[in-house]
């Protein structure tokens, strides 16, 4: 069994060297981004304590949803379009940015005004505004999507290194000189602002752009194709963040602070499968044969399962130590739930594969409906379990929702295509032979 498993992994690597090379750059990029984010937020968490950190986490949860709404599904639409037709993808990308900026600003202003009206704490207000600016640049950074789609992720890595290095230096100086906690808002913004500016300048200097005379058809196309994906993505954001929102509303901001620390670390590793999935699907999207797409996706599932097991082992033995080092003794309760949230993150990573697999068959409408029902179930289940079991209920809800979303709901797509892809994955694991490797 072990020998066969090694052979399967060897097969995966040997047939996807260019994809793995690009994935490596994406992994470095995401690793640096997460490194900067975790270390900046951990210092903020130590300074303001679990209660105030819970308030900040609540704001972040809301702005993630706002960002997702404003993107209108462009992360998926643009990636697939650029992979197939670069010039057409660029035209779509540049024609729709004003719409996305306007949408983000309108929604974020409304929420920020609401926060100012309902919150008396000036630190919470300042961090809410800084998070709003930070997620604005994430929402409109389609240049990162472009470079990933053309397998040039090393450009993203370079600019992220510069942005994160400057942000980390500022964070260090704030701590060194014991400046007011509000100055942490500066590196929070710069972490996303600087890479966006650098990518924008590089793109417009290197790419010879054609003048786009008719933007309306692209906007109509985005609304038609992107709206179902947007509904799906918003639903994902809602059910992934609903635990944090309900913990704040039903239990306490302290409970939310504890949960957020565990959740941040438990899901931090997702940059690795996301990088592999992003690069690997450039190959899958170029295929037209259904069986070939199924086979390639099954191999991808196998690889994701392998790294998932390694991560679970790592968290089981070192999760508590990492929390103590980064966040301190005030957050030790997070150690009780981090492993279980990591299990939920494993199902989430496999869900990303299934999501992209459905997109390969243009299942945009299905995704919007499926994620709507997933979100509805998530809201209902999370409310009941948190009301009854507090933080433990939030963890249990996360695991159950991820499992149902990955399996039961996906199996309704096009004559159980996802079901057969999962069966194929299991078949490869247990019944693979050298004959199949050669084929």
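Cβ from N, Cα, C; glycine included.
Taken from TrEMBL, the feature transmembrane segment applies to 25-44 (among others).
Cβ atoms under 8 Å from those of the transmembrane segment (56-78) belong to residues 44, 48, 89, 92-93, 96, 99-101, 103-104, 107-108, 111, 115, 124, 127-128, 131-132, 134-136, 138-139, 142, 145-146, 149, 222-223, 225-230, 232-234, 236-238, 241, 244-245, 248, 253, 256-257, 260, 359, 364 of the same chain, restricted to positions at least 6 beyond its ends. Sequence annotations record features per position, and here TrEMBL assigns transmembrane segment to 56-78 (among others).
The transmembrane segment annotation in TrEMBL covers 99-117 (among others). Long-range neighbours of the transmembrane segment (99-117) within the same chain, counting only residues 6 or more positions beyond its ends whose Cβ lies under 8 Å from a Cβ of the stretch, are 59, 62-63, 66-67, 69-72, 74, 124-125, 128-129, 132, 135-136, 139-140, 219, 222.
Here TrEMBL flags 123-145 (among others) as transmembrane segment.
Annotated transmembrane segment per TrEMBL: 157-175 (among others), in sequence order.
As annotated by TrEMBL, transmembrane segment applies to 181-198 (among others).
The annotation transmembrane segment is assigned in TrEMBL to 245-272 (among others).
Within its own chain, the transmembrane segment (293-317) has Cβ neighbours under 8 Å at 5, 8-9, 11-12, 265-266, 269, 272-273, 276-277, 280, 283-284, 287, 338-339, 342-343, 345-346, 349-350, 353, 356-357, 360-361, 417, 420-422, 424-425, 427-429, counting only residues six or more beyond its boundaries. Per TrEMBL, the feature transmembrane segment maps to 293-317 (among others).
For the transmembrane segment (337-358), the list of distant contacts is 232, 240, 259, 262-263, 265-267, 269-270, 273-274, 277, 281, 284, 293, 297, 300-301, 304-305, 308, 311-312, 315-316, 319-320, 323, 366-367, 391-392, 395, 398-399, 402-403, 405-406, 410, 413, 417-418, 421: same-chain residues at least six beyond its ends, Cβ to Cβ under 8 Å. Taken from TrEMBL, the feature transmembrane segment applies to 337-358 (among others).
Feature annotation from TrEMBL assigns transmembrane segment to 370-386 (among others). For the transmembrane segment (370-386), same-chain residues at least 6 beyond its ends with a Cβ under 8 Å from one of its own Cβ atoms are 231-236, 238-239, 242-243, 246-247, 250-251, 393-394, 396-397, 400-401, 404-405, 409-410, 412-413.
Taken from TrEMBL, the feature transmembrane segment covers 392-413 (among others).
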Dominant neighbour of the transmembrane segment (181-198) in 123-145, 245-272, 392-413, by Cβ pairs under 8 Å:
123-145
Report, as numbers and ranges, which residues of the same chain sit near the transmembrane segment (392-413): CB under 8 Å and 6 or more residues beyond its ends.
239, 243-244, 246-247, 259, 337, 340-341, 343-345, 347-348, 350-351, 354, 358, 361, 363, 366, 370-371, 373-374, 377-378, 381-382, 384-386, 419, 422
Beyond the flanks of the transmembrane segment (123-145) by at least 6 residues, Cβ under 8 Å:
44, 48, 52, 55-56, 59-60, 63-64, 66-67, 70-71, 74-75, 78-79, 82, 93, 97, 100-101, 104-105, 108, 111-112, 115-116, 156, 181-182, 184-186, 188-189, 191-193, 195-196, 199-200, 202-203
